[in-house]
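Enquirer: Residues annotated as Fe cation binding site in TrEMBL: His110, His114, Asp301. Marked as substrate binding site by TrEMBL: Val133, Ala134, Ser135, Gly136, Gly137, Asp166, Gly179, Asn273. Marked as domain 'Gcp-like' by TrEMBL: 25-307.
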Amino acid sequence: MILAIETSCDDTCAAVVEPSGRRALSNVVHTQTEHSRYGGVVPEVASRAHLERMDGVIEKALSDAGVTLDDVERVAVTVRPGLIGALLVGVAAAKGLAYARRLPLVPVNHLEGHVAAAYLEDPDLEPPFVALVASGGHTALYAVGKDRAMRLLGETLDDAAGEALDKGARMLGLGFPGGPAISRAAEGGDPGRYGFPVALREKNSLDFSFSGLKTSLLYRIRELGPERVREELAHLAAGYEAAVVEALARKLLRAAELQRAGAVVVAGGVAANGRLRRRLREECSERGIGLVVPPPALCTDNAAMIGAAAVHTPEISWPGYLALNARSV
Ligand code: KG4
Ligand code: ZN
């Protein structure tokens, strides 16, 4: 079994994954609520909360899976990219466990982890495919080759899609995280009532930009004033959400076309978005492209995806990883 640990942002996560990397026996996520009153993740608060929760989360992952440390053959951990202080807690826990048990350690890239969630969702999935990773920290398109190597096709030039949703939600006085809050507020709203811009519409650009959208919401809010914003909230939220979804769906489908991909994978927290999932389901079935979108619990940060990615990541044997460090980028 693989014991996987993930602490790159504000979720303390541990999971037990089968050696094939295609099935998780447990997937424990402790979401830190300490950040909600700040409207964003506070790095120092995140590290401290990880430290308090890490041991309990690992114990629960083992017991949920019905295994003990004796069954663990490898320890996998997210080493980059992320908040450095947060990553360090997971890396130290993984190193400690692996060292004490004389196990190998697998250092995993968080973004490769997000993409690998697709292997848990579809055990028969094999590359090549095109992958969109859209989270609070990243928005990028990759061509995933037969050897599972990820080649960057395009990325955001400013904010990540999740960040744009989080900031938009904050401007609208909605909660954090903003993605789900905007979706809830958008229910029953007309996405066409307020036209929000979709940047870089040109056919051949596979990059994203969300800063213009953010500015345009700011102007709308100023124009309308607080009372009207409250009345128009559903329409504003729906329009804003639709603009983010439109950019993501359009570029992903264009990338699939350019790469002649038979399948696309959507990953990262924003892939939990209902409007995006519906839109892609329709478009992909029309075009005869396979679509793999993991369930929301595997889209937002979790350790099962890190275990899945570990299967195809070189391991470091005992005790060579003692000098291993986390990296923010
Ligand atoms: O992948 P993730 O859990 O953490 C990062 O690595 O960033 O992604 C978090 C992001 C947040 O910006 C959050 O607002 C967004 O994913 N998100 C959503 C939904 N659930 C989470 N965005 C849109 N719709 C959702 N249902
Ligand atoms: Zn993530």
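Glycine is treated like the rest: Cβ placed from N, Cα and C.
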Enquirer: With Gly136 (substrate binding site) as the reference Cα, tell me which of the binding-site residues His110, His114, Asp301 is the closest one.
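Expert: Considering only the listed binding-site residues, the nearest one is Asp301.
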Enquirer: Taking every protein chain in this structure into account, which of the binding-site residues Gly137, Gly179 has the most other Cβ atoms within 10 Å of its Cβ?
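Expert: That would be Gly179, with the most Cβ atoms nearby.
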Enquirer: With the Fe cation site defined by His110, His114, Asp301, which remaining residues of that chain have Cβ atoms positioned within 8 Å of the Cβ centroid?
Expert: Glu6, Ser8, Cys9, Thr78, Leu111, Gly113, Ser135, Ala267, Gly268, Asn302, Met305, Ile306
Enquirer: Counting only residues 6+ apart in the same chain, whose Cβ is under 8 Å from the Cβ of Asp166 (substrate binding site)?
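Expert: Counting only residues 6 or more apart in sequence, the Cβ neighbours of Asp166 (substrate binding site) under 8 Å are Gly40, Gly136, Phe176, Pro177, Gly178, Gly179.
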Enquirer: Averaged over the whole of the domain 'Gcp-like' (25-307), what is the pLDDT?
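Expert: Mean pLDDT across the domain 'Gcp-like' (25-307) comes out at 95.
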Enquirer: If you check the binding-site residues Gly136, Asp166, Asn273 one by one, which have a CB less than 6 Å away from any atom of ligand 2?
Expert: none
Enquirer: List the Cα distance (Å, whole number) between His110 (Fe cation binding site) and Asn273 (substrate binding site).
Expert: 20
Enquirer: Quiz question: given the binding-site residues Val133, Ala134, which has the greatest number of C-beta atoms lying within 10 angstroms of its own C-beta?
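Expert: Output for this query is Ala134.
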Enquirer: Using a 10 angstroms cut-off on Cβ to Cβ distances, just flag whichever of His110, His114 is the loneliest among these binding-site residues.
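Expert: Output over binding-site residues His110, His114: least Cβ neighbours within 10 Å is His110.
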Enquirer: What three-state class does DSSP give Val133 (substrate binding site)?
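Expert: Its secondary structure by DSSP: strand.
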Enquirer: Measuring Cα to Cα, tell me the gap between Gly137 (substrate binding site) and His114 (Fe cation binding site) in whole angstrom.
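Expert: So the Cα of His114 (Fe cation binding site) lies 12 Å away from that of Gly137 (substrate binding site).
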